[in-house]
Amino acid sequence: MLKRVAKTTFSRVNSLFSRTQTPCYLPPSIAGNVPHLTPDNCSKVEDLTAQVLDFADILSLVKLATDKKKPFRGLLNVTDYELVLSARDYISESNPPSSKGTGFMVETSGGRRTVSIEEFMTATELLQPELVVPLADEIPIEKGRNRHRAAVQTSLDWLDACQALNTSLTPMCGVVVGGNDQTLRRMSAGETCKRDIQAILLSGLGSCTDRAKRLELIDAIVSEISPASLPRVITGIGHPLDVLDTVNRGIDAFVSPYPATVTKAGSALIFWISDDEDGGSASERNVERKCSGGVLHLREKRFATDFGPLMAGCDCFACQKYTRAYIHHLLNVREMLGDILLYLHNLQYYYSFFREIRTAINTDRFAAYHAEFATRFEEKVSTAPPLIIPAAIEERKRKVDAEKAATKEIKTKAAAAKHEAAILKRPRP
């Protein structure tokens, strides 16, 4: 139920699930595990109460859960989480093209395969998620208008088919598609809201690089959403400045790999969130932000002898137990513990960012917070040298490249010989 709308903006505080207040971050997971973290490490992040499951990751376990008659959540070790089931890969974005003609395709551990609506809804029945995102024809935004028009209709048809098989009445989240065409986006949103849905997802806008155009599309979609209290989820938007712009448009939940992407780059989030949270470490943090911007690039040489925490005053597990120098070492020797510690910090820090957003909305100061954050946020390019590729990996790459080149040459010669033979066989005039 909608609790508060901040004055002069469309930002709002809402409830997505019983333990998940919005605006919120919904981390995508791999078979029930958020990137880099094992279940025992997940318990170190207090705000990690909900996550998004990729249907392709659990497809191979559906038969096992059915045959053994085991609780699906227990099999995946996600009994303590509020779950969103989707058929999209939001981490590596390895989403094969789908259409009404070819069927819905997913990338599994055994390769690509086409899945039926019945298979998807069987998994839904077994998992009993708090919210399910039905199959939708989500295609790249740069596709043509006719293809996007077809995607709108296909997504509506698949939504109807999923609802017809939803015997357990699992809450459904309709999907808005339509590329960068406002008319198609409005039509998709309006028609989707005519169905019995409990949330709505704005798809594909993360790939729209034109910020002004993206915000126009969000405004157009939101204007068609009815009722106004319907929770709104968006995918592909994770950068803090983009998050604030989008919250300002009335979006409630964000699905993106942003903390994992920052971690993969060997970086730690330290951007300004609020003066209250800085506490006694304010001056130390501000000095570091002037030097590094909003992100620490831990592989830079200057951290080799820096024995301070990732961020002064941070209460995350990584900052309480480990130093920048140690994590710098782990990253440079490619030790997986480095990614684990970085992700623990980045995920908790990102959750803190959303907590401050909710506080700003509740106290009717979101517009001021948005403006101040935009002036304080700064990004700087890393000066870290490229990671040295181990000799064994480099040698293997050379062999693979040589084999590919040899195969290509053989095929080229064979094609040329075939073409020449065909010419010789032609009857002479």
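Yeah, the Cβs are placed from backbone N, Cα and C, and that goes for glycine too.
The shown structure was predicted, so the numbers you read here are calculated from the model rather than taken from an experiment.
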Of the candidates His297, His345, His370, the one that TrEMBL places in the Zn(2+) site of Cys314, Cys316, Cys319: His345
Zn(2+) site, defined by Cys314, Cys316, Cys319, His345: further same-chain residues with Cβ within 8 Å of the Cβ centre: Ala268, Pro309, Leu310, Met311, Asp315, Phe317, Ala318, Gln320, Leu344, Gln348, Tyr349
Cβ-Cβ neighbours of Cys314 (Zn(2+) binding site) (radius 10 Å): 21
Nonlocal residues around Cys319 (Zn(2+) binding site), in sequence order (Cβ under 8 Å, 6 or more apart): Pro309, Leu310, Met311, His345
Site with most surrounding Cβ atoms, counting all protein chains shown within 10 Å, from the binding-site residues Cys316, His345: His345
In three-state DSSP terms, the structure that Cys314 (Zn(2+) binding site) belongs to: coil
